[in-house]
Amino acid sequence: MAAAAWLQVLPVILLLLGAHPSPLSFFSAGPATVAAADRSKWHIPIPSGKNYFSFGKILFRNTTIFLKFDGEPCDLSLNITWYLKSADCYNEIYNFKAEEVELYLEKLKEKRGLSGKYQTSSKLFQNCSELFKTQTFSGDFMHRLPLLGEKQEAKENGTNLTFIGDKTAMHEPLQTWQDAPYIFIVHIGISSSKESSKENSLSNLFTMTVEVKGPYEYLTLEDYPLMIFFMVMCIVYVLFGVLWLAWSACYWRDLLRIQFWIGAVIFLGMLEKAVFYAEFQNIRYKGESVQGALILAELLSAVKRSLARTLVIIVSLGYGIVKPRLGVTLHKVVVAGALYLLFSGMEGVLRVTGAQTDLASLAFIPLAFLDTALCWWIFISLTQTMKLLKLRRNIVKLSLYRHFTNTLILAVAASIVFIIWTTMKFRIVTCQSDWRELWVDDAIWRLLFSMILFVIMVLWRPSANNQRFAFSPLSEEEEEDEQKEPMLKESFEGMKMRSTKQEPNGNSKVNKAQEDDLKWVEENVPSSVTDVALPALLDSDEERMITHFERSKME
C-alpha cells in the first residue's frame, strides 16, 4: 500500500519540481531542448531598421569573426565600430537582449557589473566603395581592456590582419583569445552632409555578412559536443535496429503486437538522431541551418515520444498480455497520444523557428501537465495490472511486469536527480561558470530515454517462448477457476477444522437412498432430446468431439 501511494504522489512531486515536462526520461527529451546548432553566418541588410547587430556564443580560442560588405556604391560616410567581449559567466550571454545593446555598451564603457575582457575598434569610411575594398587593420585595433580590476594582459600587435577570399574580400576584425562565452556587437554609424542623398540611398545601401569560423569550421564550442553526441546516438540506434531485426527474423512467427510498437519507436529514434546529426554537419560546413530539416527533426521527435507514451500506457493496462482488448479505454489512449503529439509538436516547432517564444512557453505548460497526468495514469494502471496477475498467480507475467515497473521507478529516480542537479547547476546560480557542461542538460535526457528503451527491448525481446507473454483465453479462464480454491485456503489459513461426528439417527441412510435414486435417474433418463437423437447420427469419435465443442459454445 505504501509503494502504491508513493507512485501516485510521485508525479505531483515531479510537477512541483517543474524544470522538465516529463518526469520519466523514456517519455521526454528533457527541458526546453536546444538540440539543433545555432547558425554561424548572418546576412544583414543595411540599414535594417537598426544600427546594431549582435550575437552571443560560446567560442573556441582563436576563433575568427569575419565581416564582408557587398552592395552598390554610395556617397555616405560610414563609421564601423566593433566590440568583442568575453564573459566569465554564461548568464551574461544568456540574458543579453539585442534591444538593450546601448545600455550594455554604457556598462561596458563604465566597466560596471560585467566580467571578462573586451576588444574594440572603430574605423571611418568616406564612402561605400572604400568599405567594399580589402581592409587592413593596424595593431591598435587589437587593444584588449580588462574588466573588474583585471591586470592589463593584452599587448599591442602590429601584424596586419587581412584575409582575401575567392571573390570578395573578407575583413578580419577580431579573434578570440580563450575558450569562453562571447558577445559580439557591430555598430554602423551613417553620416552625410547631403540629406537628400542620404534619404534616397537609405533604402538600398549594402549587405553585411558576418561569419564565425573556428577549429571546426562554423561549429562553436557550445555545439561541438552535441554533434559528437548525436553521432554516437545515431550509431547506437542503428545497433538497436539491427539487434531488433535479428531477433524478429529469428522468431517472426511468434511476434506480439507490442513488439511491432517497440520496433516503430526504434525506427523513429534512428530517423530523429540522423536528421539532427545531418543538421549539425550542415551548420559545420555551411554555417546556416535548414529550417525545414529542423522542423522535420522536431516533428519526428514529437511522434517518437508520443508513440513511446502510448506504448507504455497500453503495456501498463495489460493489453495483449492480460486483456485481449482495451474496449472504451482505447479511445482515452488515442486521445492522450494525439494531445501529446499536438502540444509537443507545436512547442518544438515554435522553439526552433524562434518566431513566437512566448507562444512556445505557453505550449510548454499544458505539455508538462499532460505528461504528469500520463505518468500518474501509467503507475496506477501498473499497480492494478500487477494485482490482477497476483490473483491469477501468473508468475511469468508478474515477473515481467515487476521488472518493467522497477525500470520506470529507476527512471523516475534518475530524472529527479538530474532535475535537481541541472536546477542547482544551471538555473538558480548567479554565475554559470560551468558553461562547458551545458550540452549535458540536453543530452542526458536523450541518453536516459535510450537506456530505458534498451531495457524494454530486453524485457520484450522476441524469443522461442514468446507466446508465454501473450493473452490466451483458455488459460486465463482456467486460472480464474483455479484461483478460487487457493484464495479460500489463504483466507482461512491458521484456522483449525473441527471434526464432524456421525449422527446416530437415520439421516445418513435417507441421504444414501436419495443418492442412489439420483444416480439411477442420471443413467437411465436422458437430460434432453438431443441426448437421445444425436448418438444415432454420429458416425465417429471426431464428430462427437465437434458436437460437444459446439454445444459448449451454445451454453
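Each residue, glycine too, has its Cβ placed from N, Cα and C.
Feature annotation from Swiss-Prot assigns signal peptide to 1-21.
Under the heading topological domain 'Lumenal', Swiss-Prot lists 22-225 (among others), citing a curator's inference as support.
Just so you know, the Cβ of C74 (disulfide bond) picks up 21 other Cβ atoms within 10 Å once every protein chain is counted. Taken from Swiss-Prot, the feature disulfide bond applies to C74-C128 (among others), supported by experimental evidence.
According to its DSSP assignment, N79 (N-linked glycosylation site) is in a strand. Residue density at N79 (N-linked glycosylation site): 13 other Cβ atoms are found within 10 A of its Cβ, drawing on all protein chains shown. Taken from Swiss-Prot, the feature N-linked glycosylation site covers N79 (among others), and the record attributes it to sequence analysis.
Secondary structure at C89 (disulfide bond), taken from DSSP and collapsed to helix, strand or coil, is coil. Swiss-Prot lists C89-C431 (among others) with the feature disulfide bond.
Per Swiss-Prot, N-linked glycosylation site is recorded for N127 (among others), and the stated evidence type is sequence analysis. In sequence order, P73, C74, D75, L76, S77, L78 are the residues of the chain that are 6 or more apart from N127 (N-linked glycosylation site) and have a CB within less than 8 Å of its CB.
Residues annotated as N-linked glycosylation site in Swiss-Prot, with experimental evidence given as evidence: N157 (among others).
Taken from Swiss-Prot, the feature N-linked glycosylation site applies to N160 (among others), supported by experimental evidence.
Under the heading topological domain 'Cytoplasmic', Swiss-Prot lists 247-257 (among others). The DSSP breakdown of the topological domain 'Cytoplasmic' (247-257), given as helix, strand and coil counts, is 8 helix, 0 strand, 3 coil.
Confidence annotation: the topological domain 'Lumenal' (279-305) carries a mean pLDDT of 86 in the model. Under the heading topological domain 'Lumenal', Swiss-Prot lists 279-305 (among others), citing a curator's inference as support.
Residues or ranges marked as topological domain 'Lumenal' by Swiss-Prot: 347-361 (among others).
Residues or ranges marked as topological domain 'Cytoplasmic' in Swiss-Prot (evidence: a curator's inference): 383-403 (among others).
Within the same chain, residues 19, 58, 88-91, 94, 179, 181, 221-222 sit at least 6 positions outside the topological domain 'Lumenal' (425-437) and bring their C-beta atoms closer than 8 Å to a C-beta of that stretch. Taken from Swiss-Prot, the feature topological domain 'Lumenal' applies to 425-437 (among others), supported by a curator's inference.
The topological domain 'Cytoplasmic' feature in Swiss-Prot is assigned to 459-555 (among others).
Positions annotated as region 'Disordered' by Swiss-Prot: 473-516.
Per Swiss-Prot, the feature compositional bias 'Basic and acidic residues' maps to 484-496.
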* Asked: Fewest other CB within 10 angstroms, which one of the disulfide-bonded residues C89, C128, C431?
  -> C431
* Take the topological domain 'Lumenal' (279-305) and find every residue of the same chain, 6 or more past its ends, with a Cβ under 8 Å from one of its Cβ atoms. => 22, 27-29, 35-41, 211-212, 216-219, 223, 226-227, 230, 265, 268-269, 271-272, 340-341, 344-345, 348-349, 351-353
* To do: Please tell me which one of the disulfide-bonded residues listed here (C89, C128, C431) sits closest to N79 (N-linked glycosylation site), measuring Cα to Cα?
  => C128
* Using DSSP, tally how many residues of the topological domain 'Lumenal' (425-437) sit in helix, strand and coil. => 6 helix, 0 strand, 7 coil
* Cα-Cα separation of C128 (disulfide bond) and C431 (disulfide bond), in Å? -> 42
